[in-house]
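One structure is given here, and the rest of the page talks about it.
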């Protein structure tokens, strides 16, 4: 679809959350189609995880975004979907790949939202494709468990914070989940949640550097639990690490099931977003260094630095491999 002004920031760059929402919608469509391709209990595919995705190039107002999805692996109860986003300048005809993402879905019964159904298997062109897919499945399953174990953190307001500290830029958004946010089963679309997360992360980044910012990448997003219609979600973000030209923001989504549910608040989703600062001409700008004050902030900064260096080394290795080919 064509990108409109309400999809973009003040500089005309389309919000990363808008692209993430489109990616999730494509994945949900193809997964639900596949899971209902054989006779059996009808179901809806629910998003469980999004692997790290890089925003290779910004999409601008007036360009057309084309989102394509393909199922690349199925386990007994999950579906792996590869999604590509291509932008097209309809005035010049120029096209470019802007995003590549991997998503995992599970089929939930229409009759019982807590029942996970079996997934019809797909046919692989080569045995190696199935083996590689199984390896990716086991890796993401392990990472989801590790992420859930460290999800006890909370973000609290800071009184009179100093500029460029964690407390100065941290932000929260409160949203009442309505029918338009939800699937046929009455729980929130993963794309809606990711869009809210990107909005909060973008506010944190803009507060920190006071410039135009764009989403550069998103680490794996884990959907730990469903969020039901009528819940109140609190999306909170805080700066964890800054390099010379990038900012890492940790984002939590907590849900309060207010309607017909006596349950207490719970952590539903978590992820790390990376942003870059841009000039009016779209050139990268230096990022003010994050000032850490507490031991916890210093620990998170070092953990973020480790993720940054690991990603940098992986990117350099990929570039060297591509040059050799």
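Yeah, the Cβs are placed from backbone N, Cα and C, and that goes for glycine too.
Where the annotation comes from TrEMBL, it is an automatic prediction and has not been curated.
Counting every protein chain shown, 16 other Cβ atoms lie within 10 Å of the Cβ of residue 9 (active site). The active site annotation in TrEMBL covers 9 (among others).
Summarising the annotation, TrEMBL assigns active site to 198 (among others). Non-local contacts of residue 198 (active site) by the CB criterion (under 8 A, 6+ apart in sequence, same chain) comprise 15, 16, 17, 20, 215, 218, 273.
The compositional bias 'Low complexity' feature in TrEMBL is assigned to 316-325.
The domain 'HotDog ACOT-type' annotation in TrEMBL covers 1-111 (among others). Per-residue confidence over the domain 'HotDog ACOT-type' (1-111) averages 94 (mean pLDDT, predicted model).
What TrEMBL lists as domain 'HotDog ACOT-type' is 167-281 (among others).
Among the features that TrEMBL reports, region 'Disordered' is placed at 301-325.
Taken through DSSP, the domain 'HotDog ACOT-type' (1-111) splits into 23 helix, 52 strand, 36 coil.
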